[in-house]
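One structure is given here, and the rest of the page talks about it.
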Amino acid sequence: MADVPAEKVDIPALRTKVYTVKQAKKRKTDVEKRESKRESDNGRNKSCVNIGQAYPRWRELRDSIGLMLDSELADLLLDRDDDFSVAGVGELEASPDDLSLQQLDASMTSLDLNTDTIDVEEFNDIKNSIIDWADDTWCPAEETESVSSLQEEETTDDDSDSDYVPPFCVGTGGALKSRIHLDELPAIRVEDTVHDSSDVGYTHTDVSGSPQAQSDTEVIGQPASITYHHNLKMLAEYLLLPINMCTAKDPVTSDDCQAPGPFHVWVKSRATAAIIQWICPSGHTVWQCSSQSSLKYGMQIGDFMLATNILLSGNNYAKVALLFKFMNMGMVGRSTFFKIQDSYCVDTIKQFWEEKRREVVPRITPKPSIVVLGDGRMDSPGFSAQYCTYSVMENDSKEIISIKSVDKRETARNSVIMEKEAFIRTFTELRQEVENLSEICTDAHSQIAALFTKGIYKSWGVRHTLDMWHGSKNLGKKIHKAGQQKGCSILLIWSKDICNHFWFCCKMAATYDEFFDMWAGILHHVTGVHEWALGACHHGPLSENRDKDWIQKGSVAHDALNEVVLDERWLREVVKFLGFRSTAELESFHNHILMYASKRFSFTPPVYSARTLLAGLDYNYNVHRPVQRKSDGSIGYGKVFNKKSRKWSLYTMKVDYAYIPDLQKAILRSRTTAHKGMPRQRTLRPDDPRQLGVLCGVPPPSTEELLKTHISRGQIPIEHRVKATDYLSIVADHVHPFMTTVYPSSDGYFQQDNAPCHKARIISDWFLEHDNEFTVLKWPPQSPDLNPIEHLWDVVGREIRIMDVQPTNLQQLRDAIMSIWTKLSEECFQYLVESVPRRIKAVLKAKGGPTLY
């Protein structure tokens, strides 16, 4: 080839040859790649068995027998004629191989838990955890060892997965020399951690006494049952009434009825109560009895307690009413339920929370230095939320010490700054109550971090630290992105070890200098050098059987790793991780909030706040509740998955809800001590955010106006130049809920050009926080030819130019655009979507230059 002049190279033939090779192996799209990997992972999962610490012995046995595959050893064990017990492999005949099998069985059997020696808090402590793969079947080596040079060149161009999150997780207890294996424990659902239930039911045999309630002790804690009407009727027919004739008077003649018995027994429902009536032959009610006593001003006690306990148990009226309907039972009315909830429950719950909170805060104030953890939670998927709840937990006791809820109307209907506003309220209150507050750990929220860089928050001297898991996860993203470059695929194999090293450095280092000395050592370790002029690795002797190759010093991969490890901007933030804190514990509390205030239901501001406080009461009481024990007296353990940190934690089931009767009594007392009955109409409290107006900010128009000015397909009018904050509101309030609804599997793509407001820092940070929900396409600069929205605006402009009456002001122009937009046909959108492949081909043919589009 070297002798052939360059001008005689047949370029078309060469291009045809290259195309022919690519046609033999069609390149998959990103969606197809993800789907193929998902199917492959699912296939491996179905055939995967986790044997924990027995794995090294399993491999040793396989090698000693001379087998090549794990499946061959499994077939050997399964094909034996010996009996297999439930605990593991049974005793086999004595032989060298059989002895190894018995040792394997002993290692498997030793996985049983010694429940009397487990310290749950120590096991779940973040300092005793490590970084691990979320799926043991995923092996980066298998995905990189078969990559050819051609494929690496293609990877350089394909950066659509640059924000891909490696499947890292927190390996709970991984740093402990413990025999506990979470794989051997039963999984516990999130709701089970909130509503722990005992296997032993409550029994009560005393059925005597009158149902008349003279005090709250005759109502709270009293057993109740479901009774069918025909059973009550059978019972009533055998009862002897205190009168033997009807005492009613005729309404016309005023004569006494005096009809003798026996009387007809009639049973009917009145809300949740059963009413038994004895009717004489003339139709008069001789006697009447109710299954429930009544409260002051005539309300049935069962109606009041049912409405109260629906709220206290975290249920909602619609579901409970449907249950009662299926059971053919009477139910408290909808309006009555909401009146009871607003009039008696909401304020009492807030007062009860403050009383309990005043007991918690004094317990922690004597400490010389107090560390708290903070995190915000939105009430609905995405940033189109109405409420933000910011909760703070004391690091040592794990008790919730503050809960603040912010309504969107309190932040000028801007959902983006709700978490910042909630944090300001929370932090200001804590500073007044806890003078020795020294540190607060949050997630990587840019607006909250900016508060501590200047002003009053910096002058208070409270150290702001970041969640350790977020730091490790973001580092994993950087390494994965670097591993996508040509010649750097070996970084994918080392990513877990590098993140584990970062985890170790943050745990061991007290200052930045100590951290940097240990952290920079990874650049030597990956090359096989463990001692250098200024230091050495902290690990012990390494195994000779290595599962990964060393990275050659000076190679492209080593240079890429050097850029990640020594990145100055990232290193400036490292000091915030040296406290080695984690807000993952707050995820458990957020699960409690989900059980009391589900994201799938809407609540008024006072009720939503009360439900979050109920979650706080439940969580704090859960910290000190006694554990459930099995019939043999041992503690029952389970495992709970934390979605935030991809972490399994050891969990013990708890018993009873001792604080609920006290709360029920307080609510009942607010009714019995009231000076008047329940209000006929519900009114807003002075501090209710609904006093600020409707949530959307404008009064609702009439139906006719909606039909006339119907806006569809995502038009969002803005009457000024779009700033970064405006665009952030659009993305958070409109784009995000649309993407999560249309693409629930997180396989959607969002396209935007490189306008200044699109590339702002707060926009990039927001997309980075939500990179696991959809993918933002990388867009080349100055490429309007690829964006079909330009043609759509051209269609709108042409329609405006041919209007008979041209708009003369901004309002008329806006109305004209909206009117034309609603009349655009689906065929127009479909045509533009189908033109995208043709646009791409035209741009490639023009080598990035102008095209006919």
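Cβ from N, Cα, C; glycine included.
Residues or ranges marked as compositional bias 'Acidic residues' in TrEMBL: 151-162.
What TrEMBL records for 674-683 is compositional bias 'Basic residues'. A Cβ distance under 8 Å defines the sequence-distant neighbours of the compositional bias 'Basic residues' (674-683), meaning residues of its chain 6+ beyond its ends; these are 296-299, 336, 338-340, 342-344.
What TrEMBL records for 752-801 is domain 'Tc1-like transposase DDE'.
Annotated region 'Disordered' per TrEMBL: 25-47 (among others), in sequence order.
The region 'Disordered' annotation in TrEMBL covers 141-165 (among others).
Sorting each residue of the region 'Disordered' (674-693) by its DSSP state yields 4 helix, 0 strand, 16 coil. Residues annotated as region 'Disordered' in TrEMBL: 674-693 (among others).
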**Item:** Helix, strand and coil residues within the domain 'Tc1-like transposase DDE' (752-801) as assigned by DSSP
**Value:** 25 helix, 2 strand, 23 coil
**Item:** Segment confidence, the domain 'Tc1-like transposase DDE' (752-801), expressed as mean pLDDT
**Value:** 81
